[in-house]
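S.K.: Provided herewith is a single structure, encoded as structure tokens, for subsequent inquiry.
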Amino acid sequence: MAFKYHKVAIVGKHYKKEVSQMVETLYAYLQQQGLEIIIENDTAADTSLVNVAIASLKEIALRCDVAIVVGGDGNFLKASRLLALYSNIPVIGINKGKLGFLTTLAADDNALKNDLYAILKGDSSVTKMSMLKYRVDNNLRAPLEASIALNEIAITASRGLMFGLKVFIDGRYAFDQRGDGLIVSTPTGSTAHAMSAGGPILNPNQNSVVLVPICSHSLNSRPLVISDESVIDIYITDYNDPESVLSIDGRHDTILKAHQKVTIQKARKKVTVLHTKDYNYYDTLREKLGWSKVLF
């Protein structure tokens, strides 16, 4: 059976020795399979490899059939989100970090080679991860790479004071909130910051978005799951003379003032992730997050 993916990119976490060693091992293995390999610029610079083809993330997205991302979940988030902005290139995650919730292939040498071989032959399962985009006060000038989130868009207090939000969904008034902020999360992000704030876990294939209050000053404030086709308008009120911060996937902070409006909706692009054929999302929930474990 011929390989389905012939031009393979490797993207690793910068300045991490164990990742660089894994990249070198991967390169040798893929070369043995007769595949064409391109390594991301910074990733290649961290290795001892010479005379290898290198490229930026944008070039990789446009030139390669598949990208292998080596590192932790944070590195996977950053790389896969940027790759998806430029093409529909599928991504494979190899865990060399701590949790490994998104990077689902273990770095064990023999098992990894077998798993990679099967996936590159096309014997895999696929998850399509939706993303969110935002704009402030209808300003469309923000750089694309700084306005798209794979996990969540969060509006939080920049100082130790609660602040107020007024939320509209599809042009209809939904609720007011005073507290430490609000998280608007994708299904992928529902197991990250949103879960820590008390939000529900959403299946990655669910066409939903969840709004999760952060430390709301109310006994009846609860997370809200809505269609990912909805448009969310969030207004910063003047309560407590606020200065709040908008962040995407924990990065690219934007300072917000009273009366500014943040509009959030589903992005056109999705991240395509390849797993082994027997991948089970619920296994990952149990093994990585201790979900639904019997205590006695």
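Glycine is no exception: its Cβ is also placed from the backbone N, Cα and C atoms.
As the structure is a computational prediction, the values presented were derived from the model and not from experiment.
So Swiss-Prot lists these for the protein:
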{"type": "ACT_SITE", "residues": "Asp73", "note": "active site, proton acceptor"}
{"type": "BINDING", "residues": "Asp73, Gly74, Lys78, Asn151, Glu152, Arg178, Asp180, Thr191, Ala192, His193, Ala194, Met195, Ser196", "note": "NAD(+) binding site"}
S.K.: I'd like to know which of the binding-site residues Ala192, Ala194 has the most other Cβ atoms within 10 Å of its Cβ.
M.R.: Ala194
S.K.: Helix, strand or coil for Glu152 (NAD(+) binding site)? Use DSSP.
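M.R.: Assignment for Glu152 (NAD(+) binding site) reads strand.
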S.K.: Among Asp73, Glu152, all listed as recorded positions, which has the most CB atoms within 10 Å of its CB?
M.R.: Glu152
S.K.: Quick one: Cα separation, Asp180 (NAD(+) binding site) versus Asp73 (active site, proton acceptor), in Å?
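M.R.: Their Cα atoms are separated by 26 Å.
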S.K.: Which of the three DSSP states, helix, strand or coil, fits Ser196 (NAD(+) binding site)?
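M.R.: Note: Ser196 (NAD(+) binding site) is helical by DSSP.
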S.K.: Across all chains shown, how many C-beta atoms besides its own are within 10 angstroms of the C-beta of Lys78 (NAD(+) binding site)?
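M.R.: Counting Cβ neighbours of Lys78 (NAD(+) binding site) within 10 Å gives 20.
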S.K.: The record lists Asp73, Gly74, Lys78, Asn151, Glu152, Arg178, Asp180, Thr191, Ala192, His193, Ala194, Met195, Ser196 as binding NAD(+). What's the largest Cα to Cα distance among them, in Å, rounded to a whole number?
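M.R.: Pairwise Cα check on Asp73, Gly74, Lys78, Asn151, Glu152, Arg178, Asp180, Thr191, Ala192, His193, Ala194, Met195, Ser196 gives a maximum of 31 Å.
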S.K.: Three-state secondary structure of Asp73 (active site, proton acceptor) from DSSP?
M.R.: helix
